[in-house]
């Protein structure tokens, strides 16, 4: 695993205690990474330092736009995401090389965020789609699904629970999916 990937785990593990927060983070990460892939492809001939600067400016513009959109239509979600939305800029330490790479990275990030969000919310509080009104408005206030007779294991609502769950998911993926053997 690349060191940059480990640094990018901060928004993934910190902001996925609810499925709605994971969805909000995914709605920003996927277009951001796709745009960075497109720009990286278009700017291949530029000097590496200049290309990094252009990518940084574009990513800051996209994140600022996303922040403004969240402030206008989903202020509670924006407040709940806190510092984790701007932390998506960590991806720029090793940007995608092509649009395909950007879509793949964004899709994997979004899928993992949604999976972690759903599992952490179910295991941590015994609900699913809690606070849906943050993203979908007041009409979604009653969308919360409560698991009958299960109040949750509260450790999964915190960062240590996210690490535990990510470790379990990683181990399951290693058992099920074929990974190339790494030679030490």
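Placed from the backbone N, Cα and C atoms, the Cβ positions cover glycine too.
In TrEMBL, annotation is done automatically, which means it is predicted and not curated.
For 24-43 (among others), the entry in TrEMBL reads transmembrane segment.
Feature annotation from TrEMBL assigns transmembrane segment to 55-74 (among others).
Long-range Cβ contacts of the transmembrane segment (80-97) within its own chain (Cβ-Cβ under 8 Å, at least 6 residues beyond either end) map to 2, 4, 7-8, 10-11, 14-15, 18, 21, 24-25, 28-29, 32-33, 36-37, 40-41, 52, 55-56, 59-60, 63, 66-67, 70, 104-105, 131, 134. According to TrEMBL, the transmembrane segment annotation covers 80-97 (among others).
Per TrEMBL, the feature transmembrane segment maps to 109-132 (among others). Taking Cβ pairs closer than 8 Å, the transmembrane segment (109-132) reaches residues 8, 12-13, 15-23, 25-26, 29-30, 33, 76-77, 80, 140-141, 143-147, 150-158, 161-162, 165-166, 169 in its own chain, all 6 or more past its ends.
Long-range contacts of the transmembrane segment (152-173) within its own chain (CB-CB distance under 8 A, at least 6 residues past either end) are made by residues 9, 13-14, 16-17, 112, 115-116, 119-120, 122-127. Feature annotation from TrEMBL assigns transmembrane segment to 152-173 (among others).
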